[in-house]
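Undergrad: This is the structure I want to talk about, given as structure tokens.
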Amino acid sequence: MATELSDAEKRKLLRERRQQKFSNGGASSRLNKITGQQQNSFLSSTSVLDEPKVTPSGNKKSSNVSDEEVEKSTKEIQDLLSSIPGNKDNSETDAAETNPEVALFQQLLKMQQQGGGFQNGSPDASTPDLFSSLLNNDTNTTASATQMLPNFVDEKVLKYYKFKVSKLKSYIILIKWALLAPYVYFIMHPNPTVLQASNLLSQIVERSNFFSIFTGLEIVFISIYYQMLKKLQRDNNVTATQNAGGILKYLTMIPEGILPIRNIQGKIGLALEYFDVASMYVTDICFVLVLFGVMKYYHSSFPISVPIEPPIAGIQ
């Protein structure tokens with residue numbers, strides 16, 4: 001009666017069959033069959049199982065040195081290293097090994113402090129301090145980089161500043177138009193003798209003097225507006241560059257040195273301020289031209305009766 005094999009015995013038999021199958025080059029042929037390699041392939045077609053095993057030689061030289069002698073020699077080496085002057089700690093040695101640049105700067109710093117490498121143990125006065133020069137260069141580089149960076153302002157502060165500027169501009173325009181409207185009315189009046197009570201008023205309402213008086217008023221009001229605008233910029237820490245809008249956002253993407261103009265962002269911001277002031281002058285000119293047309297139509301539609309003076313006695 002045949003006895004049933006256990007699972008361990010079955011695995012053992014399968015392992016032995018596989019080893020017999022892979023012996024004598026069977027592993028290499030199975031590997032080539034799986035990978036599809038041919039015999040003339042450049043890749044290695046020999047299986048690891050078919051490679052000859054290298055048996056390590058058992059003729060190792062036994063060490064005759066006892067543990068006590070090893071400890072003694074190690075202690076002597078440590079004493080010798082500790083007796084060397086200027087020997088660094090293990091932490092400094094590890095730092096020097098991991099970062100040789102740090103070790104070089106530490107050595108140079110020690111030479112600067114001790115005056116080593118100079119005659120008579122003192123540094124030469126004509127030789128610049130290496131670390132002072134490095135620190136000064138680093139400080140100057142950081143300062144210049146900080147100046148080149150745009151000064152960012154809080155969005156709420158910028159919105160409040162723009163609101164104040166719009167309010168100031170509206171007040172200036174309303175005051176100017178309140179003065180220009182009656183002035184144009186009297187200039188376009190068909191009866192010039194209405195305001196001839198004094199010589200000054202007659203000169204003001206003279207049409208030939210209109211452009212000079214209008215330009216003088218514009219210069220005064222634009223100067224007031226520009227000075228108050230600068231005061232708002234100082235109070236809110238806002239510059240012309242920050243208030244320029246989206247144009248400078250595209251210019252900041254251009255690297256420094258590509259454009260031939262230096263500080264082009266500041267120049268464009270200042271040009272936009274001047275353009276704003278010039279646009280106010282052009283707006284007032286357009287307003288005056290409209291007033292001329294309205295007043296001419298008004299006086300022609302509603303003529304004013306001019307009183308006829310009685311004839312002087314004795315004159316026929």
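Yeah, the Cβs are placed from backbone N, Cα and C, and that goes for glycine too.
The topological domain 'Cytoplasmic' annotation in Swiss-Prot covers 1-167, 230-276. Under the heading region 'Disordered', Swiss-Prot lists 1-75. Swiss-Prot lists 7-19 with the feature compositional bias 'Basic and acidic residues'. The compositional bias 'Polar residues' annotation in Swiss-Prot covers 22-48, 56-65. Annotation source Swiss-Prot lists topological domain 'Lumenal' at 188-209, 298-316.
Describe the structural context of each listed feature in the structure shown, including burial, neighbouring residues and relevant distances.
TA: For the compositional bias 'Basic and acidic residues' (7-19), the DSSP counts in helix, strand and coil order read 13 helix, 0 strand, 0 coil.
On the 0 to 100 pLDDT scale, the model's mean across the topological domain 'Lumenal' (298-316) is 59.
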